[in-house]
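*Asks:* Below you'll find the structure I mean.
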Amino acid sequence: MLDHTRAPELNLDLDLDVSNSPKGSMKGNNFKEQDLCPPLPMQGLGKGDKREEQALGPEPSEPRQPTEEEEALIEFHRSYRELFQFFCNNTTIHGAIRLVCSKHNRMKTAFWAVLWLCTFGMMYWQFALLFEEYFSYPVSLNINLNSDKLVFPAVTVCTLNPYRYTEIKEDLEELDRITEQTLFDLYKYNSSYTRQAGGRRRSTRDLRGALPHPLQRLRTPPPPNPARSARSASSSVRDNNPQVDRKDWKIGFQLCNQNKSDCFYQTYSSGVDAVREWYRFHYINILSRLPDTSPALEEEALGSFIFTCRFNQAPCNQANYSQFHHPMYGNCYTFNNKNNSNLWMSSMPGVNNGLSLTLRTEQNDFIPLLSTVTGARVMVHGQDEPAFMDDGGFNVRPGVETSISMRKEALDSLGGNYGDCTENGSDVPVKNLYPSKYTQQVCIHSCFQENMIKKCGCAYIFYPKPKGVEFCDYLKQSSWGYCYYKLQAAFSLDSLGCFSKCRKPCSVTNYKLSAGYSRWPSVKSQDWIFEMLSLQNNYTINNKRNGVAKLNIFFKELNYKTNSESPSVTMVSLLSNLGSQWSLWFGSSVLSVVEMAELIFDLLVITLIMLLHRFRSRYWSPGRGARGAREVASTPASSFPSRFCPHPTSPPPSLPQQGTTPPLALTAPPPAYATLGPSASPLDSAVPGSSACAPAMAL
């Protein structure tokens, strides 16, 4: 009778006769590691011994397969090999099946593996090119030619005669006298004032000394000597009466900072340019003394400058124009601006279907030292755009009929990632000081004015100013001229960042102008034309040919071009190109991409599980020695790793319980010890809980 209480100490290698082979036995291999699990009671013999089957009872049943309820919710493959084999057998990607079907031919397997990897590389290289093109945000320019009625643009015409205001008339006359005296001192030029004033005028030094920053003739210093590198910017040598040598002198005036620690000369090689800039500098100071509310102009209304005005063969009226004053270009009149109740529309092209003006261009000699051009200044612009006469205007010549033909062009650009433009200027870090919509020129002038106010403490008179800020005047800000010319030099070099801050608008409308000139009026017709103009306007034209000019502005054609940008590569086209490349190299669909994603996910999960098992086997496995024995004794059987084959606990088989059938006794002859070995016994399949040793990987 077997002693079941000693079973855990047995370490016998059994050799059971499980076959009818001539040798009658099968030997197992010796175990290299002692089994820590106690053996279960024997419930039967091996299937190979028929005699013992009949003696011991019926054959044990086959191991029960797990049902769906007992299977894990999510199962993964046991190894990478099994995963890749399953993928190659079931994927819809062309060529993958060849890796499995040709596994018995290593050369074919290697060939298809290399070909498959090269195909993947080529495809993803094409993918990289497609993504690079998409994220470069290219645009396509679409050109559309449209034909329709067109809104006539706004037209601004200026007299080119800066006007003398009543409030500053005496100051301007004093400036004229000082300028003429300066010309006499520097060039011995006798103007009408110097010839008529005679002894009534003050002495030269008294008259010029009353005005700061006098105009001087400066001798150009020699080239700088390295031994004298610490010369200041005001190193030009002043000489009131040097010998005139064009290679050795310049004309200019000195400007200094607040504490006179830094000075420089604003010089010009041309005396005409120097006199005009010097006069302009003092003229700006005088204009700054005007009140904020513009005074009434002494000049007569529109009829004193514009003899005739017609649009589409209909006469103009006072509601068709607005008036403002420009410091350099005099009185200006804007036709068809945004304040016009009914904007002019052009339904036909040609000179007879546009704006026709007859202008008076006689020079009234208001400020001859400031205005040296005769004629008129004209600019074509949008209704909601200010007229920057310095930037976009052109001059009309007296005695000439100037015909300006226009072509409208519209440009719609893409902003955001596709281009550096702004929709309405709200995202531009510059405050719009003009009562108009955003344009790039509006932003640039506003940016300069902001820097002028910030660094010089006053506003430049040519640009609008915010409330609470005064225009620059050297009687209040003595060093504003020094600050202004320094700032102007930095502005020209874009050191202020105005050109980079002020982005172009996304929607721009331009008018392409073409000019034609002809003599007007002709010799045969000038007598009656001048006579009619004089009678009509109650004004006698003294210098007939230089006293009038004709201006025609019209659309050359009603066809206008619209240039619009659109993305060259959209998300739809990108996906289409990616799908085309995928189909080209693998002949697959979107579901194949999902299969690839599933493969990558399975690889990551299997790797994570294997790392977790390695971590647990390294840090949580039972130790060796007495400490390990205690840990094993105190560890529940269910917590052992699968290699320890834990079995469910049951009462000792040596003590049968009442009401139950005692276990069968082992009546087989004892095994031959010469054939002892760790032969796998079929009894293990009938042992409850033996499925815990299965290597399946499940969650």
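Placement of Cβ uses the backbone N, Cα and C atoms for every residue, glycine included.
So Swiss-Prot lists the following for this protein:
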TOPO_DOM  1-110  topological domain 'Cytoplasmic'
REGION    1-71  region 'Disordered'
TRANSMEM  111-131  transmembrane segment
TOPO_DOM  132-589  topological domain 'Extracellular'
DISULFID  Cys158-Cys332  disulfide bond
REGION    200-270  region 'Gating release of inhibition by proteolysis (GRIP)'
REGION    211-244  region 'Disordered'
COMPBIAS  227-238  compositional bias 'Low complexity'
DISULFID  Cys256-Cys263  disulfide bond
DISULFID  Cys309-Cys316  disulfide bond
DISULFID  Cys421-Cys506  disulfide bond
DISULFID  Cys443-Cys483  disulfide bond
DISULFID  Cys443-Cys502  disulfide bond
DISULFID  Cys447-Cys498  disulfide bond
DISULFID  Cys456-Cys483  disulfide bond
DISULFID  Cys456-Cys506  disulfide bond
DISULFID  Cys458-Cys472  disulfide bond
TRANSMEM  590-610  transmembrane segment
TOPO_DOM  611-699  topological domain 'Cytoplasmic'
REGION    637-699  region 'Disordered'
COMPBIAS  656-667  compositional bias 'Low complexity'
MOTIF     669-673  motif 'PY motif'
*Asks:* In Å, rounded, how far does the Cα of Cys456 (disulfide bond) sit from the Cα of Cys158 (disulfide bond)?
*Replies:* 31
*Asks:* Have a look around Cys498 (disulfide bond) and count the other CB atoms within 10 A of its CB, chains all included.
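*Replies:* Around the Cβ of Cys498 (disulfide bond), 19 other Cβ atoms lie within 10 Å.
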*Asks:* Measure from the Cβ of Cys158 (disulfide bond) and count the other Cβ atoms within 10 Å, all protein chains considered.
*Replies:* 26
*Asks:* How big is the gap, in Å, between the Cα of Cys447 (disulfide bond) and that of Cys502 (disulfide bond), rounded to a whole number?
*Replies:* 8
*Asks:* Quick one: Cα separation, Cys263 (disulfide bond) versus Cys458 (disulfide bond), in Å?
*Replies:* 20
*Asks:* Going by C-alpha positions, which of the disulfide-bonded residues (Cys309, Cys332, Cys472, Cys506) is nearest Cys443 (disulfide bond)?
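*Replies:* Nearest in space to Cys443 (disulfide bond), counting only the disulfide-bonded residues, is Cys506.
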*Asks:* Do me a favour and check the Cα-Cα span between Cys506 (disulfide bond) and Cys498 (disulfide bond); whole Å is fine.
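*Replies:* About 18 Å separates the two Cα atoms.
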*Asks:* Could you find out if DSSP has Cys443 (disulfide bond) as helix, strand or coil?
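*Replies:* Its secondary structure by DSSP: helix.
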*Asks:* Determine the minimum-neighbour residue: among Cys256, Cys332, Cys458, Cys506, listed as disulfide-bonded residues, which Cβ has the fewest other Cβ atoms within 10 angstroms?
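*Replies:* Across Cys256, Cys332, Cys458, Cys506, these disulfide-bonded residues, the one with fewest Cβ atoms within 10 Å is Cys256.
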*Asks:* I need the CA-to-CA distance for Cys483 (disulfide bond) versus Cys316 (disulfide bond), whole Å please.
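*Replies:* Computed Cα spacing between Cys483 (disulfide bond) and Cys316 (disulfide bond) is 46 Å.
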*Asks:* Just checking, which of Cys309, Cys316, Cys447 (disulfide-bonded residues) has the fewest C-beta atoms within 10 Å of its C-beta?
*Replies:* Cys316
*Asks:* Measuring CB to CB from Cys472 (disulfide bond), give everything in the same chain under 8 Å that is also at least six residues away in sequence.
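*Replies:* Once residues fewer than 6 apart are set aside, Cys472 (disulfide bond) is near Ile284, Asn285, Ser288, Met452, Cys456, Cys458, Ala459, Tyr460, Ile461, Trp480, Tyr484.
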*Asks:* Neighbour count first, Cβ atoms within 10 Å, every protein chain included; then name which of Cys263, Cys443, Cys456 tops the list of disulfide-bonded residues.
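*Replies:* Buried the deepest by this measure is Cys443.
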